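For reference, TrEMBL has these:
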{"type": "COMPBIAS", "residues": "1-10", "note": "compositional bias 'Polar residues'"}
{"type": "REGION", "residues": "1-30", "note": "region 'Disordered'"}
{"type": "COMPBIAS", "residues": "11-24", "note": "compositional bias 'Basic and acidic residues'"}
{"type": "DOMAIN", "residues": "101-183", "note": "domain 'Core-binding (CB)'"}
{"type": "DOMAIN", "residues": "204-377", "note": "domain 'Tyr recombinase'"}
């Protein structure tokens with residue numbers, strides 16, 4: 001059998017003049033190419049076992065298909081199977097491609113097919129990459145077409161003890177997203193994650209900070225006004241924009257005359273116009289002096305890359321102000337509640353915040369609109385309501 005195989009080991013490829021420690025020349029496995037079928041590779045492991053693998057490319061698609069152990073299946077059967085697979089691929093490349101992808105381990109499909117598409121369609125693919133890690137740790141070894149609903153339910157059951165209900169729902173949504181991607185690309189006929197119900201998440205009211213707390217935070221941030229992260233956080237207080245929007249803004253898209261900052265895409269996928277007050281304009285002028293007229297508005301330490309999320313710095317600032325449990329996103333809620341209580345209408349507030357739906361803006365009115373309290377307080381002037389406190 002060895003006479004029928006052309007061997008190309010690492011030792012043959014090295015020149016005799018190179019002297020390398022013998023321990024470095026040892027390889028855990030060697031690969032030999034079949035003389036009759038060049039696409040067929042026979043891999044020899046340290047244990048002495050030989051395994052066949054079909055490796056080839058067709059129509060910009062690369063394939064690597066295991067064909068079994070030579071001792072168990074036989075070299076003749078492996079060759080016959082390789083010829084059949086090659087003929088199937090050349091005669092029906094699209095059908096072969098879909099069948100091959102369905103046999104891929106979940107981890108391979110995610111890394112080779114799903115995540116590359118995520119990088120194209122999502123603004124922050126790193127969030128998706130971190131979320132798929134525990135899914136692949138539990139199910140990454142299983143072929144895509146052998147994953148069942150029970151597999152996902154077992155994985156999610158294990159998560160229940162270590163994460164909150166909202167986090168559990170995010171992982172469920174991630175499982176469904178991967179399977180839906182496979183269905184949309186014709187790899188699977190249906191999603192095994194479909195029908196798994198998400199856990200109930202109570203809708204909490206938006207949390208705005210009291211004016212006193214905002215004043216403390218702004219004063220503390222002004223002490224670090226020369227720092228890029230302090231300027232970005234002050235910009236959030238000045239505009240009510242999302243942190244992701246502030247990180248994506250570019251200097252050339254800030255119109256100081258019209259007092260508008262333009263974002264081509266936002267969280268909702270639409271363009272976003274951020275109105276700029278006088279304080280926001282002054283912050284942008286400081287950035288123009290530092291970075292010039294083009295490029296990102298707020299930048300990392302190298303002066304080019306996007307600024308990272310300053311969470312540790314934010315918590316340190318909050319701690320200096322005697323505040324705990326305050327998130328960066330609470331700056332946005334604080335702007336919304338303050339504008340609402342100053343008499344800003346809901347339709348104007350929706351445009352200021354960049355909400356795609358008025359329903360989101362109405363949440364602030366339900367919980368924080370003090371004009372509603374003033375309306376019912378007017379009953380004291382209409383009726384002679386007694387004072388019940390002594």
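Quick reminder: no glycine exception, Cβ is built from N, Cα and C everywhere.
Here the domain 'Core-binding (CB)' (101-183) has a mean pLDDT of 92 out of 100. Using DSSP to sort the residues of the domain 'Core-binding (CB)' (101-183) gives these counts of helix, strand and coil: 67 helix, 2 strand, 14 coil.
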